[in-house]
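Per TrEMBL, the features are as follows:
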- 37-106: compositional bias 'Pro residues' (COMPBIAS)
- 111-137: disulfide bond (DISULFID)
- 121-136: disulfide bond (DISULFID)
- 109-147: domain 'P-type' (DOMAIN)
- 152-435: domain 'ZP' (DOMAIN)
- 31-109: region 'Disordered' (REGION)
- 1-26: signal peptide (SIGNAL)
């Protein structure tokens, strides 16, 4: 209110000033010339100004209004929500460095057959499609059997089985193949250097007859004998174990052929290692030759399997490169020597059966496939060559000494070691004499794998040796474990 009063008073005074000024200016006139002036007239009483009017109250100003905002810009149309994203997968685990693997099995069906070994398959006018339908090969001119095991059933109730020598690794001995039962007509009817042909009635040679609703099944089994080496503490073999279960199924007027794969289950335990008062390491080499003229032995010991690579898989008769190393020593006068190196089917070095690889640091003369020692010298590039011992043996599997049946076991290697200090006149070197004649302590003979007739296929127990048999090829593998024993 004080502010409003002050403003009103100021306006009133200004108006009063203007009014007075006007009255004074209007009443004053210049007097006329009068030679005898009269006295001035008596001043009149001034008119009193009108009383001041009461101040006018101005209405209070309206409250301030918020400024008007400009209209918002046009909004973009709403897009549909994005589709749900797939959950992020965890990063892949670190890859194990590439390690050379054992030789792969041959392809299931190989049609690379020499002209002199080709055996005709089917009729002379058979087409390529019909040739393929009976599991044979066609080269554009003729239909022939491939490098595999081919089973056919004829409408006149005949089994036809053609076995290729290259169907197994190592190659199968065609002369050692047999059926469930022998007798007339149960051997191969023809053969050459690469194939053996069997043809016999579905009811002969020990075939088992089974019935299902609307189906008659004839089943037989083909196997082979293998060579066994028997030593004083165990027996081994390096030959393939061949086994093929095959059937002919007659359904109404149609004929079906069935070949059953025998696939044992293997669940090997973790690798075993033992330490002694002297630090010694036993390991396997896995280097390979990639250049022409390469020395296989030198190349083999350029790389080694790691703990993550075990169990190591080897094919029968494959070379196994073994190295034993003295650990944690830098004395160049120390010499590592091997005593006895042997194999067992378990981690216990005293368990049976056993097979000697080295005796007193030298190859076992009783082994048909002698182990070979590898010299480790200055050219090896090692800082202390005398701290290493290397040898090579051919892969094998144990067999039962009584029944001569293959033992489905793992193989463990044990080696006894000694450390010698070389000095003047004492080199600590081991010398071996190679016998010219085969030692009579071990004998090798043929063993036949016999199996009783079975009307129903039974599930095999879990085995510790991996054995793969298929219709067209077969490969025998072993899981090998290594244990240093001191």
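For all residues, glycine too, the Cβ spot is worked out from N, Cα and C.
Summary: among the disulfide-bonded residues (136, 137), the fewest other C-beta atoms within 10 A of the C-beta are counted at 137. Per-residue pLDDT, averaged along the domain 'ZP' (152-435), amounts to 85 for this model.
In three-state terms derived from DSSP, residue 137 (disulfide bond) belongs to an extended strand segment.
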